Amino acid sequence: MTVTYAYEALPVAEWFRRNREIAGFQNPARAMYQTVRELVENSLDATEPYGILPNITITIKPVDEAKSWYSVYVEDNGVGIPGHEIPNVFGRVFYSSKYKIKQHRGVFGLGLKMVVLYAQSTTNRPISVRSAAVRSDKIYEYRIMIDTTKNEPIIVDMREYENKYKWHGTAVKVVIEGNWLNSKKRIEEYLRRTAIISPYAEIYFKGPDMEMFLKRRTIKIPPPPEEGLPHPKSVDVDTVKQMISESKTATLAEFLINNFDGVGEGLARSFLEWAALDPNKPVGSLTQDEIVLLVEKMKAYEGWRRPRADWLSPAGPELLEVGAKSILGAEAVFAVTRKPSSYSGHPFIVEAAIAWGGQIVPVDKPILLRYANKIPLLYDEGADVARKVVDEFNWQNYKVKFPAPVAVIIHVCSTKVPYASAGKEAIAEIQEIEEEMKLALRDAARKLRIYLSRKERELELLNKYTSLAKYVDEIAHNMAIVTGLDKDALAKSLYKLIENKLGLTVEELAKHVLSMASSIKEEAAEQG
């Protein structure tokens, strides 16, 4: 018996359509959350790096409740998309403005196309796009689908018209199969966490049965990341082969100098001498084995300069404190941004913030808010190295006794975030990143310990003050009888004496009494 097999090439767009769970579209609830997330992140990437304070509107409406069809609409005030680029941006997989060495929220712009493919698979409705670039005289509107066999956009409809009011930005509407009830809390939490890390954004969200407005808390935007060349340790064989194909006539020394970050003539020659490679050999003449050897040597060499940090855009302590105080309602926030580090040639920065007290409910272990390149990570917390670091941290050394009103924010920004899985919801256990997380958490916890120690001392002084002050009137009364001096003047002098001895003024006493009263009321409300 002869067995025959039929082989066929599967187009990339079709492959992603069939395997949509890889991008987070495995069920209607997760798909609705993922759709909002992808569109909001594209809006933030179209505003923040260009110095535009984001104004983002999100609306979810039922279209056919019997079929669980919903429309998701997201509009921003970003730089917009040139009219001729709109079909490819929304209708061609792996077509993006994100193929550069710098920090991005997304990786390849794939998520946007997955939204289109998911809509096609579930409702067969095209995505509607309206966009105008900054200073454009025209607004362009498209309705687009994706030809999954050719990985090409299908333009269902297109029109352009005068941009009378010089509007700029992008508005996207898509109809998908979703589950509002099961995705509602996730979407709300995602937007709240986005407002923590991006307090310069103004976000309005209207769902089928609720409304949320997250107002802008600051006008300060982090400096945008710059574009750069790859680090010699960060490339693989295929990448180097592609680079060689574009510069065949260059010598090995010229190839290294022109194509890699931080490599000057001296460093290039030092490396090639160490690797026993001819600096004058044309890269176009390298054999496959020689290319593999070159890459191996590049990864092994320890003399390269550290990757540049200006490819990255951390939030910074000030914005983390503003965001956490406003959204979490924390009494105090202690944030740190670590110095740049690297793993496998990829630069990264770890930021940590500890939010304490206020509206944060006491918990048995710290609430953890995770971020990667300013993207909130809501799923797979147990698989994230940040959860491991926070759980293993010795909180007792920093005066934290559980249950305690504490939340921890961990943010990793990098040109290549090492995710634990294809779902990109958890950061992998990379030794260098784990160590930086520990150090960042330690730095923030030291600040918390100083704060809690000061509060302990103030409470101790307050107790001493109240213990002594309750006898002032009686002592002043008796002294007035003996000395004939004014009772009120004597009482005032006695209060002043107590203040001088304890270093606590009446104003400070009043402040702490009010603070304690507020805490007591909150605890009573929680118990009630």
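Cβ from N, Cα, C; glycine included.
What TrEMBL says about this one:
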DOMAIN    27-150  domain 'Histidine kinase/HSP90-like ATPase'
BINDING   Asn42, Asp76, Ser97, Lys98, Gly106, Val107, Phe108, Gly109, Leu110, Gly111, Leu112, Lys113, Lys424  ATP binding site
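Where TrEMBL records a feature, it is marked here on the structure.
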residue : record           : CB count, 10 Å
Asn42   : ATP binding site : 23
Leu110  : ATP binding site : 18
Leu112  : ATP binding site : 23
Lys424  : ATP binding site : 20
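Across the domain 'Histidine kinase/HSP90-like ATPase' (27-150), DSSP classifies residues as 43 helix, 35 strand, 46 coil. Note on the domain 'Histidine kinase/HSP90-like ATPase' (27-150): its mean pLDDT in the predicted model is 90.
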